[in-house]
Amino acid sequence: MPELALLEEVVEKVRPLLGQGKVADYIPALASVDAGKIGIAVTTVDGETLGAGDYLEPFSIQSISKVFSLTLALTLYEEAEIWSRVGKEPSGHSFNSLVQVELERGKPRNPFINAGALVIADLLQSRLGAPKHRMLELVRQLSQNDKVCFDKQVADSEYQHSARNAAIAYLMKSFGNFQGDVDTVLRTYFHYCALKMNCADLSKAMLYLANRGKSITGTELISQVQTRQLNALLATSGLYDGAGEFAYRVGMPGKSGVGGGIIAVIPGELSICVWSPELDGNGNSLAGTAMLEHLSQRLGRSIF
């Protein structure tokens, strides 16, 4: 376990970067977040959690939720049913690209871009009676925090600005790769993105990725092989168009969200969550990436 002093050092080391990025402003509920917040939490495979900075401050997890939705799908479907509808390759286009969906005849490149996550949400909608409730149940169980909830204001705000995601869904439907009612699936998807959690919650919830598929309670969520495969996808496609830069600087599987959070994993050791709302040009937390880079250097850890 890293010492608390190291986590505090990491936060203070990157604090001067605050002010150099840009808070997501495509929906008002995200634009109003305090840009000066910064936090980090780590959870070890022994179940111990440490944090520094604003690590107990809840934020909108946004695309980090795509890890949970894919994990949930893996517990409900045969793998062939999932991967026949969504690929495993890095995108190379923006995360909300329509062009790529058209070129690839409705099959999204990976489950971590919007098109791929919408297909996963479509799969969950068709298999679960109450997909929003099931997701809430899962993240509360994984984080050991029954106060985790959806931010209704964020979900509603996303829905009011949903034209592009609706276009992606309808385009996939035209290719036969979207089964459900678009409006219903969009509402479910936006609720997933509107989950509100803090760094401690997320570092605990993602521990299964560091612990061979076993959650913080020791329950097996997905198999050891599935965990390894999921980490591989996170390493290649988890950071929008910044996955290569992140692998170079940080060297860990990770997933970011435009709320400023990033989760990362050192397999066999620990899961990490950092948060700072200001983003770089790829939509990844600027100070968050720097915190993870500094931590990986100080710990001497990389998967490469």
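Cβ coordinates come from backbone N, Cα and C, glycine included.
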**Prompt:** Which of Y208, Y240 does Swiss-Prot put in the same substrate site as S63, N114, E158, N165, Y189, V258?
**Reply:** Y240
**Request:** Would you identify the secondary structure of V258 (substrate binding site) according to DSSP, in three states?
**Result:** coil
**Message:** Quiz question: given the binding-site residues Y189, Y240, which has the greatest number of C-beta atoms lying within 10 angstroms of its own C-beta?
**Reply:** Y189
**Request:** Can you tell me how spread out the substrate site is, meaning the largest CA to CA distance among S63, N114, E158, N165, Y189, Y240, V258, in Å?
**Result:** 19
